[in-house]
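Visitor: Supplied in structure tokens, the structure appears directly below.
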Amino acid sequence: MCDDEVAALVVDNGSGMCKAGFAGDDAPRAVFPSIVGRPRHQGVMVGMGQKDSYVGDEAQSKRGILTLKYPIEHGIITNWDDMEKIWHHTFYNELRVAPEEHPVLLTEAPLNPKANREKMTQIMFETFNSPAMYVAIQAVLSLYASGRTTGIVLDSGDGVSHTVPIYEGYALPHAILRLDLAGRDLTDYLMKILTERGYSFTTTAEREIVRDIKEKLCYVALDFEQEMATAAASTSLEKSYELPDGQVITIGNERFRCPESLFQPSFLGMESCGIHETVYNSIMKCDVDIRKDLYANIVMSGGTTMYPGIADRMQKEITSLAPSTIKIKIIAPPERKYSVWIGGSILASLSTFQQMWISKEEYDESGPGIVHRKCF
């Protein structure tokens, strides 16, 4: 197979959104929700061409009549049949490519179970007949995208957050920490506190509206108590939002109370540490000699790190935890929503990477276990 002309595909499967495109591009061509929807009711209109399942944006637009399911929970694929539908949709409908003609780079969550990597490998070679594939860890790709090989990545998406310390390009598995607190939990929490305000959001379709409110209006306060006082004393922090039916709702302290849960998970009734402590704990699990390099390269990635104010707050919180002499730098690139994908695009287009692919021949010879030997 001549690698000169065939572009590799890069597919970043997140819990909330799937990002897909071609290696060498600077942004994904396709970004769509990782959703599979099935009709709640029997079709009555003859000849309407009703399907038994819908994927991505189409599922999203027909959400009123569908039950929506996310095949990826907390960053890890739990429903393989639906996942196959998502990949099929990615190749044939979004990118419009024949998967058997392109090498494909997939991404995985840190600490992904071994059986899962094998299953991904098997599906790519056996269902989609890929000529070659590779599985890369999401956080490592984000670090590449920021132009570094050493640093600690806080990757927070829709389903899960991880802190991943990376030294000279290798993730340090003993120091990776996972926090099951991410965008979807914040959306649920916003639904809850808006309900307390008298607005009712309950269905899966309404959850998507709340997600939009969250993405457009929420921010992280530098000082939570002070912000609460400001919100109580004036209406300066209030914003209005128009619902799809034309009703206008007003949202005040919910704007920063919602993402505050990242720093105070007790808001959600969770006993875990906030993201700032998780980053600190992760650094403390690393060798004392490399901590200085990690503190100076704290890289944020993923959609849940997109809140205005999050980097400044992180800087403040880590500064109060870390030794006073240490230099702390938070890197929050503007494109961090897609930095995993961008890192994959960079990696798959490097000439030095070309010998890293797992080829169909190697797979046929060794079986799915090959993924553990070639992708690390």
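Count begins at 1; order follows the chain as displayed.
Every residue, even glycine, has its Cβ placed from backbone N, Cα and C.
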Visitor: Name the residue among MET45, MET120, MET270, MET356 that Swiss-Prot annotates as methionine sulfoxide.
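Guide: My reading of Swiss-Prot gives MET45.
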Visitor: For the set MET17, MET48, MET83, MET314, say which residue Swiss-Prot annotates with methionine sulfoxide.
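Guide: The candidate carrying the methionine sulfoxide note in Swiss-Prot is MET48.
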Visitor: Just to be sure I understand the packing, how many Cβ atoms besides its own are within 10 Å of the Cβ of HIS74 (tele-methylhistidine)?
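Guide: Its Cβ shell of radius 10 Å holds 18 other Cβ atoms.
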Visitor: Three states by DSSP: which one describes HIS74 (tele-methylhistidine)?
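Guide: Once the DSSP labels are grouped into three classes, HIS74 (tele-methylhistidine) ends up as coil.
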